Amino acid sequence: MARRVSCGSEELHVLAVDDSNVDRKVIERLLRISSCKVTAVESGSRALQYLGLDGEKNSVGFDGLKVNLIMTDYSMPGMTGYELLKKIKQKSSALREIPVVIMSSEKVLARIDRCLEEGAEEFLMKPVKLSDVKRLKSFILRGEADVHGEKQTQKRKLEEDPWSASPPLSSSTSSLSGNLSPSPPPSPSSTLQPLSKRTRL
């Protein structure tokens with residue numbers, strides 16, 4: 001059963017997946033200290049149900065909260081963290097952008113490589129430390145700010161310079177000058193005419 005813990009004023013929402021009740025409590029506590037919202041589930045199938053990827057009409061769904069990060073244990077009965085990662089990255093183009101972090105108490109290099117190649121953001125060794133959570137939070141929030149800032153910059157440029165989509169003036173000038181034939185040299189009379197006007201002034 002999904003259990004949500006709200007803490008602090010930050011908007012970062014983490015879905016924590018672990019079959020161990022003790023490990024879930026540890027992750028919840030670390031995330032709570034880091035001022036995150038936490039939804040904790042005990043299996044990969046429950047995580048898919050919460051995300052709405054189980055194909056059932058009665059799925060729990062997002063419950064109105066955007067998920068910014070998924071942290072899942074690797075070794076779980078029924079569905080491993082690797083299998084959950086594959087389903088998240090393959091089933092939905094909207095959810096595949098959510099960073100997924102795999103946690104494990106076993107340092108198996110082939111397992112780590114496989115998860116990273118499948119799209120995992122990081123592979124953390126248990127026990128997970130507070131410094132790990134803070135680093136992940138900083139990374140996610142920085143990414144959100146970069147995306148938001150880029151959109152705001154593009155909007156400002158469009159408002160300030162509505163002609164930005166037009167081709168540069170230099171290219172128009174060069175193409176225009178290329179179509180003009182060279183002017184013949186001025187005749188002596190045409191050269192003297194402006195000078196006489198200037199003299200009268």
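Using N, Cα and C of the backbone, Cβ positions are placed for all residues, glycine too.
Just so you know, TrEMBL annotations are computer predictions that nobody has curated.
According to TrEMBL:
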- 13-141: domain 'Response regulatory' (DOMAIN)
- D73: 4-aspartylphosphate (MOD_RES)
- 149-201: region 'Disordered' (REGION)
- 149-160: compositional bias 'Basic and acidic residues' (COMPBIAS)
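Residues of the domain 'Response regulatory' (13-141) grouped by DSSP class, helix first, strand second and coil last, total 54 helix, 24 strand, 51 coil.
On the 0 to 100 pLDDT scale, the domain 'Response regulatory' (13-141) averages 90 in the predicted structure.
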